[in-house]
Structure formats: structure tokens, C-alpha cells
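**Q** I have a structure here, written as C-alpha cells, and I will follow up with some questions on it.
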Amino acid sequence: MGIDPNYRQNRQVVGEHEGHKIYGPVEPPGKLGIHGTIVGVDFDVCIADGSCINACPVNVFQWFDTPGHPASEKKADPINEKACIFCMACVNVCPVAAIDVKPP
């Protein structure tokens with residue numbers, strides 16, 4: 001199952017990381033929540049195949065280590081989400097539908 005496209009309304013903001021919001025629940029290392037508001041990445045769905053990082057023309061994502069997470073031990077973190085040009089390349093290439101993009 002991919003990211004909940006309504007997470008911005010359905011989940012509570014539980015923190016901030018590298019300038020973007022984190023939506024819970026968060027219980028490390030097994031549950032890491034959704035990172036980002038403009039470009040949201042469900043860290044609990046992401047398998048870190050790198051397709052979004054390679055597809056993004058404006059370098060929205062950066063690798064973030066998540067040791068002990070069952071899906072993968074690194075994630076594509078949307079640390080530069082404000083640079084997003086809404087081309088949807090990342091959404092289209094993600095094999096597990098872990099990304100949701102919504103203009104502010």
C-alpha cells in the first residue's frame with residue numbers, strides 16, 4: 001500500500017527534520033512516518049531504490065540513513081521540497097507509491 005494522499009489532513013505533525021514537517025505516528029526504528037508537506041515521502045513504505053533521486057531534475061531528495069527500519073536502512077528525504085517544480089517525475093517512477101506531491 002502506498003502513501004495516503006490525505007495524510008496532511010489525516011495525520012498529526014509530530015516533529016520537524018531538515019526544515020520539513022514529519023507526520024506521525026513515529027516509533028523508531030520501525031515507524032518513521034511521512035516526511036515533507038509539499039513533497040511527502042512515506043518512510044514506512046519507501047524501499048530506497050533511488051528512482052526518485054535519479055528522476056528529480058531539481059534535487060529535492062537526499063539520502064537519509066534509517067538503521068533498523070524493516071523496509072530499508074536509508075530513505076529518500078525531501079530536504080529541498082521547496083525547490084519542487086511539480087513535474088511529478090518522482091511520483092511516476094516510485095515502484096511502491098511512497099511519494100505524494102501537492103503544491104502549497
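Backbone N, Cα and C atoms are what each Cβ position is placed from, and that goes for glycine too.
According to Swiss-Prot:
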type	residues	note
BINDING	H17, H20, H35, D77	Zn(2+) binding site
BINDING	C46, C52, C94	[3Fe-4S] cluster binding site
BINDING	C56, C84, C87, C90	[4Fe-4S] cluster binding site
DOMAIN	38-66	domain '4Fe-4S ferredoxin-type 1'
DOMAIN	75-104	domain '4Fe-4S ferredoxin-type 2'
REGION	2-37	region 'N-terminal extension'
**Q** Taking only same-chain residues 6+ apart in sequence, whose CB is under 8 Å from that of C90 ([4Fe-4S] cluster binding site), what do you get?
**A** V39, S51, C52, A55, C56, V60, F61, I99, V101
**Q** For C46 ([3Fe-4S] cluster binding site), write down the residues of its own chain that are at least 6 apart in sequence and whose Cβ falls under 8 Å from its Cβ; none is a fine answer.
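**A** Those within reach of C46 ([3Fe-4S] cluster binding site), by Cβ under 8 Å and sequence separation of 6 or more, are A71, S72, K75, A76, V96, A98.
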**Q** I need to check the long-range neighbours of the domain '4Fe-4S ferredoxin-type 1' (38-66): which residues 6 or more away from its ends have a CB within less than 8 Å of a CB in the stretch?
**A** 1-4, 7-8, 23, 29, 31-32, 72-85, 87, 89-90, 92-104
**Q** Compute the mean position of the Cβ atoms of C46, C52, C94, which form the recorded [3Fe-4S] cluster site, and then list in sequence order the other residues of that chain whose Cβ is within 8 Å of it.
**A** V41, I47, A48, D49, S51, A76, C90, V93, P95, V96, A98, I99
**Q** Beyond C56, C84, C87, C90, what residues of that chain have CB atoms within 8 A of the centre of the [4Fe-4S] cluster site's CB atoms?
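**A** Apart from C56, C84, C87, C90, the close residues are V39, C52, A55, P57, V58, V60, I85, F86, M88, A89, V91, V101.
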